[in-house]
């Protein structure tokens, strides 16, 4: 991989790896190699959840568990991580197999989000918990400053359902219209039919649940509630 691209990524992350192989593994999708990033992703997911939970606990001393859980879910969900990955220009650094390259995997939200988590796991193993906590809080500084408790933190499906129920309208229906990929790396496409919208809304995700949430989020935008 181009060392200029890798060095640019490390500058954006604010961290230079001592163990180059950990960085390469974090950037490697399972379609490209048997030494892929899924174990690092597992580790990074847990570390991210802890760091954000700890930050919210101290930032909002009077907020209850439910609101803190919703705020954490907002901050660690896939589209937030994918947004962060795009800020790092992570797509140009991914190591993908031929099939994923051909299908535009370097733009896919689920792959981008998973790679951010893998990088978190890799940085932790390359350094220590204090270093990765400092980095995560730096990456999340503006998002932590902007977030606040309240209904906005409820997941999109819940907000869409409550909106429709409040107007005595039928609940949305979700239909799986396509499933792509192997069992370990699937992509679901969902059509969501909502009263008041003339055509089904489309959502895509790495699981049925994530695709339904993505569709509900698009529906909220079309209903001008986002």
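Think of each number as a place in line: the chain as shown, counted from 1.
In case you wondered, yes, glycine gets a Cβ from its N, Cα and C as well.
Note that the structure is predicted; figures quoted are calculated from it, not measured.
Listed in Swiss-Prot for this protein:
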DOMAIN    6-128  domain 'RNase III'
BINDING   41, 114, 117  Mg(2+) binding site
ACT_SITE  45  active site
ACT_SITE  117  active site
DOMAIN    155-225  domain 'DRBM'
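Each residue contributes its Cα atom, and for residue 45 (active site) and residue 117 (Mg(2+) binding site) these two points are 5 Å apart. Within 8 Å of the centroid defined by the CB atoms of 41, 114, 117, the record's Mg(2+) site, lie the Cβ atoms of 37, 38, 40, 42, 44, 45, 113, 115, 116, 118, 121, excluding the listed residues themselves. Residues within less than 8 Å, Cβ to Cβ, of residue 41 (Mg(2+) binding site) and separated from it by at least 6 positions along the same chain comprise 114, 115, 117, 118, 121. Counting neighbouring Cβ atoms within 10 Å of each of the recorded positions (45, 114, 117), the lowest count belongs to 45. A helical conformation is recorded for residue 117 (Mg(2+) binding site) in the three-state DSSP classification.
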